């Protein structure tokens with residue numbers, strides 16, 4: 001596949017129409033910021049709901065009405081009666097919320113710079129070109145595309161249009177089973193590690209091939225034709241950082257340590273862990289732990305910090321200690337931005353509203369509905 005012509009058309013950040021934070025808000029002290037957020041929320045009342053992803057910093061989570069993973073928060077958005085949904089997350093999450101909420105509701109992302117790099121690793125132009133190459137390599141086979149929830153609305157729409165669906169980290173294995181009941185081959189996007197871990201779970205570890213959209217030569221037709229699962233070469237920069245050595249080190253430092261990791265981690269890390277699951281699973285695992293147990297957390301550092309605070313009776317440690325990363329995209333949701341968008345709503349002005357194209361939204365909803373039927 002020749003990708004040379006794509007270079008000027010592709011961007012890892014889908015939303016570039018961001019509004020700069022006014023200087024007044026950049027200079028707010030933490031105390032003044034909190035007071036103004038609380039005052040604006042009091043004035044807006046039930047007209048606004050604030051959602052905070054598990055990976056958000058403490059200053060956002062403390063102002064959130066609901067805290068959870070992206071799918072949990074989208075469901076909370078759909079159930080909310082509020083006119084305004086402020087999403088403390090990243091762009092693909094706000095898109096999903098916009099798709100499933102009522103048309104009368106506005107979904108607001110405090111900072112448009114909160115763009116997930118992994119979601120940006122599978123852009124529509126690349127996927128269209130890859131789909132043409134992959135289907136040409138296996139012309140007599142039915143290929144079912146599956147996209148992880150961590151993707152933009154246009155990719156969700158593409159997968160639905162081609163007969164595929166959306167999945168979460170919790171139901172990826174059921175999505176694969178669904179696809180193989182209807183087709184011969186799966187194209188999984190954008191996270192290769194979740195795809196590989198799911199293939200292992202289904203006993204199909206040797207049936208995969210990795211597709212690098214940036215490699216001009218792509219994969220040979222024979223490699224694609226021989227594989228049952230084509231894995232898009234995308235990944236989470238936070239979770240890819242974890243290594244088996246981190247697991248060994250934490251077990252050496254804590255004799256009775258248990259290790260729980262996210263399935264976006266490398267296969268070798270998943271194999272070395274005691275429990276593997278979504279952020280909801282990680283949260284539940286620590287909540288159910290006996291007092292005095294040690295749990296090493298292999299995911300974004302803010303969730304590990306939240307769990308330490310929420311469950312002081314459990315010894316919660318980051319899997320890679322001080323080297324554990326925060327998510328740079330999540331970090332863009334600064335509490336000063338939250339104060340700004342709230343006070344703008346008080347004045348009747350909506351800032352940074354996420355609006356998915358209606359045709360894309362309709363198709364993406366089909367992919368989400370297929371997931372819900374699993």
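Backbone N, Cα and C atoms are what each Cβ position is placed from, and that goes for glycine too.
Marked as iminosuccinate binding site by Swiss-Prot: 53, 70, 148, 149, 150, 169, 262, 263, 264, 279. According to Swiss-Prot, the [4Fe-4S] cluster binding site annotation covers 116, 236, 327.
Feature annotations (Swiss-Prot) mapped to structure.
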{"residue": "53", "record": "iminosuccinate binding site", "DSSP (3 states)": "strand"}
{"residue": "116", "record": "[4Fe-4S] cluster binding site", "DSSP (3 states)": "coil"}
{"residue": "148", "record": "iminosuccinate binding site", "DSSP (3 states)": "strand"}
{"residue": "236", "record": "[4Fe-4S] cluster binding site", "DSSP (3 states)": "coil"}
{"residue": "262", "record": "iminosuccinate binding site", "DSSP (3 states)": "coil"}
{"residue": "327", "record": "[4Fe-4S] cluster binding site", "DSSP (3 states)": "coil"}
Nearest recorded site to residue 236 ([4Fe-4S] cluster binding site) by CA-CA distance, among binding-site residues 53, 262, 264: 264
Between residue 53 (iminosuccinate binding site) and residue 327 ([4Fe-4S] cluster binding site): CA-CA distance (Å): 11
Those binding-site residues of 148, 150, 262 having Cα within 10 angstroms of residue 116 ([4Fe-4S] cluster binding site): 150
Other same-chain residues whose Cβ falls within 8 Å of the Cβ centroid of 116, 236, 327, the recorded [4Fe-4S] cluster site, in sequence order: 55, 90, 117, 118, 150, 237, 238, 300, 328, 329, 330
Residues near residue 262 (iminosuccinate binding site) in space but at least six apart in sequence (CB under 8 A): 169, 239, 276, 277, 278, 279, 282, 298, 299
List of residues, in chain order, with Cβ under 8 A from that of residue 150 (iminosuccinate binding site) and at least 6 apart: 70, 92, 116, 118, 119, 190, 191, 236
